[in-house]
Amino acid sequence: MTQRKIIHIDCDCFYAAIEMRDEPELAGKPLAVGGSAERRGVIATCNYEARAYGVRSAMSSRHALKLCPDLTIVKPRMEAYKEASREIHSIFRDYTDLIEPLSLDEAFLDVSDTHHFSGSATRIAQDIRRRVSNQLHITVSAGVAPNKFLAKIASDWKKPNGLFVITPDQVEDFVASLPVTKLHGVGKVTADKLGRLGIVDCADLRSRSKLALVREFGSFGERLWSLAHGIDDRPVQNDSRRQSVSVENTYDTDLPDLAACLEKLPALLETLGTRMERMEGQYRPGKPFVKVKFHDFTQTTLEQSGAGRDLGSYEQLLTQAFARGGKPVRLLGIGVRLHDLRDAHEQLELFST
């Protein structure tokens with residue numbers, strides 16, 4: 001069996017990072033995103049300055065303010081977070097289509113079969129971190145390992161803004177010293193039961209047979225045995241049906257005018273064509289669209305039914321979209337809405353039986 005290469009990407013205090021990016025005066029101060037204390041709100045996330053005071057996610061805002069009286073609490077802006085998440089996933093898709101989102105700010109990537117960087121998962125993770133930093137001005141932590149269980153642990157190993165790699169030959173020694181509380185699925189109740197049995201780390205777990213663990217923990221005992229040996233065969237689940245295919249680029253220097261934007265279209269269109277070829281037979285292309293993000297982070301998206309997907313059509317859309325802001329542009333994107341042909345195929349199979 002080919003050795004898998006799994007990357008786990010986790011944004012660092014994601015919501016708070018977006019707020020500090022968009023409101024630079026918040027940076028360096030204790031900050032939380034959540035509901036107001038007056039309305040019994042809770043903390044969704046907070047930056048590391050706030051965590052130094054003991055502020056944590058899911059804590060009541062009132063309690064958080066007692067721990068940190070200087071804490072600034074801002075309301076969540078979900079659309080801003082979703083947009084940032086979409087930009088990050090657009091970066092992911094430059095390396096692999098095997099992406100399993102866990103939330104807006106966290107995902108697994110299977111890069112086992114990619115040819116980027118000669119197949120080096122470590123270099124891919126480094127490049128993703130670089131691009132997210134340059135394009136979105138936030139940081140992500142990454143873990144690289146032969147499976148999902150270890151990749152997720154690795155991404156947390158050097159947080160924030162870190163990269164940790166567990167190579168196949170390091171798995172046995174690395175896992176042996178792991179506390180059982182690090183194992184996927186082990187909560188307080190299971191950890192307490194393991195502790196009563198004298199099991200505090202994976203080396204202790206390895207001393208027990210699979211049968212003994214199954215007797216104590218039922219079917220989960222088999223899972224415990226596998227994790228203690230660094231085994232996790234769960235695939236990266238990529239079952240979502242795509243609604244569009246797109247390509248976008250954030251430019252190191254803002255594009256000053258419409259002419260500069262139009263010059264970038266041919267390269268974007270070529271990349272879009274390559275991505276569409278990979279999905280041939282799965283989707284029917286629909287409306288073309290363009291996305292423009294201006295230098296002040298305001299943005300607009302414009303699509304048109306019945307328009308072509310040639311360079312001229314995208315030039316017309318871009319011209320109209322640019323006119324909505326008329327300011328220097330930091331990001332350009334183009335794409336196509338998709339209609340899933342697999343649903344139609346499944347219906348045909350259903351009625352042909």
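Including glycine, each Cβ sits where the backbone N, Cα and C put it.
What Swiss-Prot says about this protein:
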- E106: active site (ACT_SITE)
- D10, D105: Mg(2+) binding site (BINDING)
- 6-187: domain 'UmuC' (DOMAIN)
- Y15: site 'Substrate discrimination' (SITE)
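Positions of the features from Swiss-Prot, shown on the structure.
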{"residue": "D10", "record": "Mg(2+) binding site", "DSSP class": "strand"}
{"residue": "Y15", "record": "site 'Substrate discrimination'", "DSSP class": "helix"}
{"residue": "D105", "record": "Mg(2+) binding site", "DSSP class": "coil"}
E106 (active site) versus D10 (Mg(2+) binding site) - Cα distance in angstrom: 5
Whole-number Å value for how far Y15 (site 'Substrate discrimination') lies from D105 (Mg(2+) binding site) (Cα to Cα): 9
Per-region confidence, the domain 'UmuC' (6-187) (mean pLDDT, whole number): 94
Distance, Y15 (site 'Substrate discrimination') to E106 (active site) (CA atoms, angstrom): 12
Candidates D10, D105, E106: member of the recorded positions with the richest Cβ shell (10 Å): D105
